[in-house]
Each structure stands twice: as C-alpha cells, then as structure tokens.
Amino acid sequence: MSSLEISSSSFNQETKLPLSPPLVEDSAFEPPGKDINEVEEESKDIIKFTSEQLSVDEVSQLVISPFCGAISLFVGTTRNNFEGKKVISLEYEAYLPMAENEVRKICSDIRQKWPVKHVAVFHRLGLVPVSEASIIIAVSSAHRTASLEAVSYAIDTLKAKVPIWKKPVF
C-alpha cells in the first residue's frame, strides 16, 4: 500500500472541526477592543533617494499591512557586464526635486489603476557595486495581481520618466 493510500485510508470523514471555538459563559475570555475591520490603516507612499546601501528587509517591512495578503518586490541590482565590457559598479545621479515629484506621480497613478495599500520606492545614488541593489520597489495589496502589476508599472515608468542617470564604471 502506498503512503498516499495509507494517508487516505486513515482519514476519518466523520470528524468535523468547529468553524469557531465554542463560547464559554463566565470565562475570562475578553474579545479584543476593536475588530480589524473597524480600524482603518492609512495608505502611505514612502520615497527615498540615498547614497546608503539599500535593504530589501527594511523596504518590505515598510509596506506590511494586516489588510494585505500580498507584498510584491522589484530589486534592481548592478550587473557585472554591459555591452561586452566588465562593469565594477554603476554611478547614479538624479535631479532630486523633479525625481521625487515624478515618483510621487507614479505612486498616484498606481493608486488610480490598482487597489494597493502601501508603495515604497527606494533608489540608491552614487556608486553601486556589482550585485548590490540600486532600486527596491515594494507594493502591498489585498491580492497578488494588483501588487505584481503595480510593481511592474512602477519600474517601467520610473525608467522612462524619472530623471535618474546611470553611468557604468568599467
């Protein structure tokens, strides 16, 4: 007999678990103060340009929400080659006032197109060595499709519209 058959034959279809625990009168159980549906969490856009090394953990933590079942991330890293030449780092520059404004527009566009909760866009400036992150985009939403599509839109639009320039260092 295979392990699947053993597992199947040992399953008791008559056993049913309760949908919720039985209530016990006069118990010490106290329901929480507010139901999760009663508390509204404010959506946020977090935008940061920095010369410091980027952390995937830090950025993903910023978009966590109890209302969301999905967090999608895009992490852009420095490759070790460009047009057949060996790259040791990329150097990024940005016109910050315009770059920040354009990223805010991207966040606004995302909110008009998809039901997302939080959006974080972190971009590194200065020298970014091979294998380190130059950009991290994180989006949280109730379901995966919205966050995945929003992240894809964010990186494509950022590359097309935001005044950030990169120069390979060979």
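Placement of Cβ uses the backbone N, Cα and C atoms for every residue, glycine included.
According to TrEMBL:
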- 1-35: region 'Disordered' (REGION)
- 1-15: compositional bias 'Polar residues' (COMPBIAS)
- H143, R144, K159: substrate binding site (BINDING)
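Of all residue pairs in the substrate-binding list (H143, R144, K159), the one with the greatest Cα separation is 25 Å apart. Around H143 (substrate binding site), the same-chain residues at least 6 positions away in sequence with a Cβ under 8 Å from its Cβ are G69, A70. Take the CB of K159 (substrate binding site) and look out to 10 A: across all protein chains shown you find 11 other CB atoms. Take the CB of R144 (substrate binding site) and look out to 10 A: across all protein chains shown you find 13 other CB atoms.
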